[in-house]
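Working notes, beginning with the structure itself.
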Amino acid sequence: MGSKDTEGNGGRKRHIGQHRLVDVTAPESELSAPHIPLHTTIQQPDLEDMDCGKSTEHSLKGDYSNVALLMLLYILQGIPLGLGGSIPMLLQSQNVSYKEQAIFSFVFWPFSIKLLWAPLVDSLYFTWFGRRKTWLVPIQYLIGLFMFVLSIHVDDLMGKNGSVVNIYTLTFVFFMLNFLAATQDIAVDGWALTMLSRRNVGWASTCNTVGQTAGYFLGNVLFMALESPSFCNTYLRSVPSDSGVITLPNFLKMWGVVFIVTTTLVWALKREAEDPEADLDQGVIGTYKQLFNVIRLPSVISYAIIILTAKIGFSAADSATSLKLIEAGMKKETLALFAVPMIPIQIMLPLIISKFTTGPSPMTVFLKAMPVRLLFGLWYAFIVWLAYRVQATPGEFPVYFYLLLLGSYALHQVSLYSMFVAQMAFHAKISDPAIGGTYMTLLNTLANLGGNWPGTMALWMIDGLTWKECQGGPGDCGSPAEIETCTTEGGSCVTNIDGYFIESIICVVIGFLWLIWRHRKLRQLDSLPQSAWKCS
């Protein structure tokens, strides 16, 4: 079993001839959160790789098949991510509680914390099998097996066929799917560097970006549309039906088979080239030591506090708005399809905003964009309030409302990407060049966690802040049991105070208080010399 390796991390690229890594993980959890279309999982290319690619010949001769294979592997990686992102919307149609939505939100954590086990994936392997195939082949078989077995039981877990939603088992299964997908990402990222020729190594980032985005689209937007009876009856059928073109069990079964067949073909037909630089790598212990040394720096500790708390103010809007719109009557497939016009905007914005973040103080853009993004929390609360009042018939909204919602999403992306691009520029600026990859990966991991935990907490607290009463029946409606008792006795639960609106206001207030508290400190960190961020 081999144990020599690069600095481990998830979603990273190693520059040929340099023994450091540069992280290219997805843009924060705010872009990989479960609820399309407020956020879309789109990974950013490694700028250094792209620059390197510009200085060399743009010929894919000899690498066409390798690029196609990488694209396929990244598409497969995006499928479980997209499916996981569709489940909250399906659950919302089942009227689950927001505490149950909060529990399920842990499904999206593995890609944010894969740094914890990435060095092991990079370090432990069977030489005779191949450094990356040691992990890729069994991981993809497990994903296929998980999907196939899940297809048999998913309807029961989702509360169909007269059963109750089994949120804990559902969360565990999809958490494991995303854990496996995150591990596959580590293996594929590493393999891309030896699979492609040196002149084309920059294409690894392109394959990652396009492939995972396409996979997420297939597993989320396309699935939501084809699963919807309403969408299929309107656009795809001449004879209406009570079900969509595809069901969740069939979709899982189909992709389970695709994973197993594809993995078998890759195992049998694709030879893995040896990494000539593997013997020069420092190994898993060295990587963990580097991480510990970075975390101990006073400047990093101060920045970690900032990055882990900065997104509290956005948590209600980012995690719950789409779910509240579904609760208000909007069709889940309509919300999912709103992601389509957002894609070109999300591609262009980083290119435009990067022109303003290339100076010595990139976090100035971060601080300027933050108040605007905070105000979107109140604006989205207004849109949800409006959604309850403008429906002509249940589930049908006037055209101007759809245009208002789509325009709001587009403008929201400007503030969101302004903060993200500024943050990534700051990470690139402060990372110690001697250990650039480990440093960048740690900072991006903290950024992802800083978006995940507030979102989970925001979902968890909505039910506690909501006040419902039972009209026409006994008792209150504070728990699922009380709601069932109320409806059984002929009453109906009426919401007097919606916790989402209270939470939206609280989050915005916290966000502006955070700005007052940390504004000066963040500017101070932005002006520190490079020596303040170095480990030695």
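Using the three backbone atoms N, Cα and C, a Cβ is placed for every residue, glycine included.
TrEMBL: automatically predicted annotations, no manual curation.
Annotated transmembrane segment per TrEMBL: 67-91, 103-128, 135-153, 165-182, 203-226, 246-269, 290-314, 334-353, 365-388, 400-422, 499-517, in sequence order.
Remote same-chain partners of the transmembrane segment (499-517), defined as residues 6 or more beyond its termini with a Cβ less than 8 Å from a stretch Cβ, comprise 98, 309-310, 312-317, 320, 324, 367, 370-371, 374-375, 377-378, 380-381, 384-385, 458, 461-467. Residues 7, 30, 115, 370, 373-374, 377, 423, 430, 432, 435, 438-439, 442-443, 446-447, 449-451, 453-454, 507-508, 510-512, 514, 518, 521-522, 525, 528, 532-533, 535 of the same chain lie 6+ residues outside the transmembrane segment (290-314) yet bring a C-beta within less than 8 angstroms of a C-beta in it. Scored on C-beta pairs under 8 angstroms, the neighbour of the transmembrane segment (165-182) with the top count among 67-91, 203-226, 334-353, 365-388 is 67-91. The listed stretches are 67-91, 135-153, 334-353; of these, 135-153 has the most Cβ pairs under 8 Å to the transmembrane segment (246-269).
Ranked by number of Cβ pairs under 8 Å to the transmembrane segment (334-353), the listed stretches 67-91, 135-153, 203-226, 365-388 are led by 203-226.
Same-chain residues lying 6 or more positions outside the transmembrane segment (135-153) and placing a CB less than 8 Å from one of its CB atoms are 73, 76, 80, 121, 125, 129, 173, 176-177, 180-181, 183-184, 186-188, 191, 248-253, 255-260, 262-263, 266-267.
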